[in-house]
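Student: Pasting the relevant annotations from TrEMBL:
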- B:His95: active site, electrophile (ACT_SITE)
- B:Glu143: active site, proton acceptor (ACT_SITE)
- B:Asn11, B:Phe12, B:Lys13, B:Ile148, B:Gly183, B:Ala204, B:Ser205: substrate binding site (BINDING)
Number of protein chains: 4
Amino acid sequence: MRLEYPLILINFKSYREASGKKALELARTAQKVSRDTGLTIAVAPQLTDLHFVAANVEIPVFSQHVDDVSPGSYTGHVTLEAVKDAGAIGTMINHSERRVRADQVDVIVKRARELSLVTVVCTNTPEVTAAMAALGPDIVAIEPPELIGTGIPVSKAKPEVVTSSVELVRRINPAVKVLCGAGITTGEDVAAALRLGTVGVLLASGVVKAKDWEKAIRELVEPILKRA
Amino acid sequence: MRLEYPLILINFKSYREASGKKALELARTAQKVSRDTGLTIAVAPQLTDLHFVAANVEIPVFSQHVDDVSPGSYTGHVTLEAVKDAGAIGTMINHSERRVRADQVDVIVKRARELSLVTVVCTNTPEVTAAMAALGPDIVAIEPPELIGTGIPVSKAKPEVVTSSVELVRRINPAVKVLCGAGITTGEDVAAALRLGTVGVLLASGVVKAKDWEKAIRELVEPILKRA
Amino acid sequence: MRLEYPLILINFKSYREASGKKALELARTAQKVSRDTGLTIAVAPQLTDLHFVAANVEIPVFSQHVDDVSPGSYTGHVTLEAVKDAGAIGTMINHSERRVRADQVDVIVKRARELSLVTVVCTNTPEVTAAMAALGPDIVAIEPPELIGTGIPVSKAKPEVVTSSVELVRRINPAVKVLCGAGITTGEDVAAALRLGTVGVLLASGVVKAKDWEKAIRELVEPILKRA
Amino acid sequence: MRLEYPLILINFKSYREASGKKALELARTAQKVSRDTGLTIAVAPQLTDLHFVAANVEIPVFSQHVDDVSPGSYTGHVTLEAVKDAGAIGTMINHSERRVRADQVDVIVKRARELSLVTVVCTNTPEVTAAMAALGPDIVAIEPPELIGTGIPVSKAKPEVVTSSVELVRRINPAVKVLCGAGITTGEDVAAALRLGTVGVLLASGVVKAKDWEKAIRELVEPILKRA
């Protein structure tokens, strides 16, 4: 599956609102809006729901995390092969809530490439974004942790964090794409993220905690549709 | 779901032989033998396959690991609620390949009890078995790590580790059941484990790596059937 | 060095008030009060100051933490042998700010015994205290983390946590001694801890953050002197 | 203290040969050769010996590790302030035996700069070297872990790892200096490391495990002296 941009990536975190059967329900809602609008909307369900969700939708599905081990005697670990076998197209790594070490990101990015899996490496500062870009993942997602879950978008609170991240990535490894995360809840936030030079957004509570999932996702993608 | 003993618990680890669709295939094979024999055979598939497998079999399904966090902003973590929503009846924790801290076992055991989830806490020495029993899980599974994957059963190599574990658990917390792990591959190993005072076995490669899963599982349970 | 009870153990944490040369100053102040009163007052300076402090005082010195590795290729780790070579008489482990796993406590306790080093294992709940006692350390120090640094002593806020810990330890491993920590700042707190069946206290900010160290320590030990 | 190059940095790891009083003995031997030759020879003793050694020698002393926390309630942690108060001029971080996360390296490098402490960030591959250079430490030390302790110098076994690391660092952050580690035991290895564009070497067992420390260090620096 080839990933098209702009990309809206919805992280289900470990919210119970999107756990078990509701994970599939949310994924199918995202799929409905994606089909109606032609835009790429991807989901990252909880680890336990990964195969269950990926087996039942056709939009891109990501793992929220992966370990740096190959298949084998690794009870309780998540391998890239398991992610692939589950039907996901790739994986997030290094989210602020689940950081891994740089040498592990290096191993995971290299192995993911061999397995044709997409890597989305989360970062917190322009310097860390630059560092992670040097490891050559497909996507880096810059998310100042202090804004996560606040509803205050990074594009408003700290646009310079995004623009300097975009610049550093262009200089160090222009093949790497940049997503913008933290505090995203409205379509205007998404439009602002794209204006700052990113290819899309990573968000969680803005959708998962919304009362009406379809409405929340439609509002997110509207400004992109108008732009197109 | 009430768990009946003796219990055979098959840990899929992160073996690729039992990943993705093959996870369900192995779980269904276990289910077939369980139905034919009336014995409890439970499975612990990889995290990513948990919901997918649990949604499609009726034998007890366990998670291989769980984190000590409640549902919320915990990207890449496994909550007890996610395990429950996935349809599993409980979880392993503290496997030698994925140790957690004692205070985390304490939190997980207490929260699992509230959620009516079964906890299987892995241990390595009689002293650690005693310590984990003091935390009040449903089951402790003693597995000397140096024997894991060797095919040399602990019941032969170190029977005193099992018997002293059983004794310590009886003294400290007699409500806790003891499983025996590491090196189990034959029905004779299972029978020996039961003779040493345990309620069953935890095993992995002995089944997962077998060429003929059904044959391997049948051979495991045969001595128990004869005993009954 | 044989440890005598009651024991006052002052943890310097990583407070800058007791770092570098000031670590030795605080240790010498503790030594002065100890000599004047005949009571055992021990100190746990920061890792970096361990040898420097232990080489210059004669009161018992503890490490704040130790890793479960033997001397060798372990850059940045603290071995029991290094603790001993530094002149300390033992080590704290599993502090709420630096938890280790139960299997690591098991290894450390066993190795410390061989090296004649004293182990003080910190715990948070009666259940974890029971679990750690099962591993056979010299001392367990029960400290409800929510009270650490509050100035509200556990003996007042949650005396039942201390008494049930003392009872469980007596039942599981009566050779293990119990220290009481969290929120200790006054001599009355120390007296209360002893009345609840512990052999002394573990404290930090109550002394380290005091303007007059000597006065703070004298006030702590006064009720014990009267009792004697 | 200003650091002069070339630099020989001797990591004592947790070898017992260089623990306690012997740590100071080895540091004084390094100091003697440094004074005789005018070359910069720095030492990284065990954490517990840091203050003790730094207080008694005048050559540059490094910590083997530091945590990403500020002074405060962090029992068992090593702060940059403690490293400074102990008299060290800086710290190694991210050694293959004690990796930290990229966001932690970022925090530590920025805080160390404010405290005028020198940072030496260890790396394993050219990509990770590039990533760490993007975080702006003073020095990166490339050490292929598979060669550590083998006596096979990276300059012979994998010179391209060193040269491509040097190139990447020049492109991404030319202010960062490169040290070469792993398998260094002879003066010829040191000379080769300098020829490949590095400013010196990081080594451990080659000196610490030598029967005659002074002889081992003299042999290391000899080719540099001839070159000068």
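Glycine residues also receive a Cβ, built from the backbone N, Cα and C atoms like all the rest.
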Student: Take the C-alpha atoms of B:Ala204 (substrate binding site) and B:His95 (active site, electrophile) and report the distance between them in angstrom, rounded.
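Tutor: Counting only the Cα atoms, the answer is 12 Å.
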Student: Near B:Ile148 (substrate binding site), how many other Cβ atoms are within 10 Å of its Cβ?
Tutor: 24
Student: Starting from each candidate's C-beta and looking 10 angstroms out, tell me which of the binding-site residues B:Asn11, B:Ser205 has the most other C-beta atoms.
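Tutor: Max Cβ neighbours within 10 Å, all protein chains included: B:Asn11.
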Student: Once the chains shown are all counted, how many other Cβ atoms turn up within 10 Å of the Cβ of B:Ala204 (substrate binding site)?
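Tutor: The Cβ of B:Ala204 (substrate binding site) has 26 Cβ neighbours within 10 Å.
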Student: DSSP on B:Asn11 (substrate binding site), three-state: which is it?
Tutor: strand
Student: What is the total of other Cβ atoms whose distance to the Cβ of B:Phe12 (substrate binding site) is within 10 Å?
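Tutor: Its Cβ shell of radius 10 Å holds 25 other Cβ atoms.
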Student: Can you filter B:Phe12, B:Glu143, B:Gly183 (the recorded positions) down to those whose Cβ is less than 8 Å from some Cβ in chain A?
Tutor: none
Student: What subset of the recorded positions B:Phe12, B:Glu143, B:Ile148, B:Gly183, B:Ser205 lies within 10 angstroms of B:His95 (active site, electrophile) at the C-alpha level?
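Tutor: For B:His95 (active site, electrophile), the recorded positions whose Cα atoms are within 10 Å come to B:Glu143.
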